[in-house]
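Here's what TrEMBL has on this protein:
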- His199, His282, Glu365: Fe cation binding site (BINDING)
- 33-164: domain 'VOC' (DOMAIN)
- 196-354: domain 'VOC' (DOMAIN)
Amino acid sequence: MKFLSFLISSVETIRMTSYTDKGEKPERGKFVKFHHLTFWVGNAKQATVFYCDKFGFEPLAYKGLETGSREVVSHAVKQDKIIFVFASALNPGNEEMGEHLVKHGDGVKDIAFQVEDCDFLVKKAKERGAVIVREPWVEQDSGGKVKYAIVKTYGDTTHTFVEYMGPYKGLFLPGYHEPLFRDPLLPKLPPGHLNFIDHIVGNQPDDKMVPVSDWYQKCLMFHRFWSIDDKQIHTEFSSLRSIVVTNYEETIKMPINEPAPGRKKSQIQEYIDYNGGPGVQHIALNTSDIIQAIVNLRARGLEFLCAPDSYYDTLRQKLKTAKIKVKEDLKILQELKILVDFDDKGYLLQIFTKPVQDRPTLFLEVIQRHNHFGFGAGNFKSLFEAIEKDQDARGNLTAITADGPGNAKPFY
Ligand SMILES: [Fe+2]
């Protein structure tokens, strides 16, 4: 793997590594793109309403008792190219979904990839040690035929491979029908302006980041895209390490994080504690107009983390000597609390929601890129500080002691 660059970020000197070696090209088939995400939740009907109301999704398709799905109900929602599915158990005694809910709370269960040659990719993954949750199978309805397979990744999270066996003309996937209800309020709300899934981040316990990123490289023939030097990414209290893995075509980006030692409990560790192990920490949704998106999402009542005004003072200073020019009005970015990260060639704008359930686990990110392919490393420090403020309010910014993290009282 070739080392490319050290960058000066907008906050402090950050050691980042970009990689140019695209690794192994699958001899056959390919991972095309993110297809959809499936959340396992306690009440899929209500979770669907939350994502539609707050983020601007619209009902796409449904399967449940009325359509002959007797065990699991699934509501699919869509916004431009982003599709989320919310699923819940219908009957008492569904141990798999019940235990998942007790352990993790509401969250992402599955990240589905659209693939070509599902059989080959599953065979390859299996040969290389991946756990196959379900061997390839085909479903069809009047819309067409689709092949699936399910592979286990970190924690209880899975990847479904979705291969179209021909053009699919249905609403979403075989078995799905029209939504039962369309809320008349939704068309009256300002649009979310969210366009596609930019990246999906998985949090791992200490020392598990490298084995997980190795798993993607070995079993799915992904390669390293970017990584962050843990020693540089820290606040006064905690730090993290991150490796981004991607498919050969670099259309699927999966950052893998782990906590690094600090004086207090890392927000990554807080996630691991409340999620009962590894899982999806955040989903980044790409927009081509972040200012309008955030104006509208705030108007819809979505809550975001807030960078302090001092962040923008520092940013203005750094931008004075930068090689790029930020087109957007900094005053508006500051009002909306949108963060900026840049290098010599481009910049990105990003903002993070607060956790979208009571457990401090999953949150979402909105990101706009201007010729910048990083993940906001220059903002990690201010992001962490904003999270730590909330973490402290939750009583979880606890000191690390000889007994291990999490049991001592905070310093202040
Ligand atoms: Fe992100």
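Backbone N, Cα and C atoms are what each Cβ position is placed from, and that goes for glycine too.
Automatic, uncurated: that is what TrEMBL annotation is.
On a predicted model such as this, the values are computed, not experimentally measured, just so you know.
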Top of the binding-site residues His199, His282 by count of other CB atoms within 10 A is His282
Same chain, |i - j| six or more, Cβ under 8 Å of Glu365 (Fe cation binding site); the result in sequence order is Asp198, His282, Ile283, Ala284, Leu285, Gln350, Ile351, Phe352, Thr353
Compute the centroid of the Cβ atoms of His199, His282, Glu365, then list the same-chain residues not in that set whose Cβ lies within 8 Å of it, in sequence order, for the Fe cation site. Asp198, Ile200, Val201, Pro255, Gln281, Ile283, Ala284, Leu285, Phe352, Leu364, Ile367, Phe375
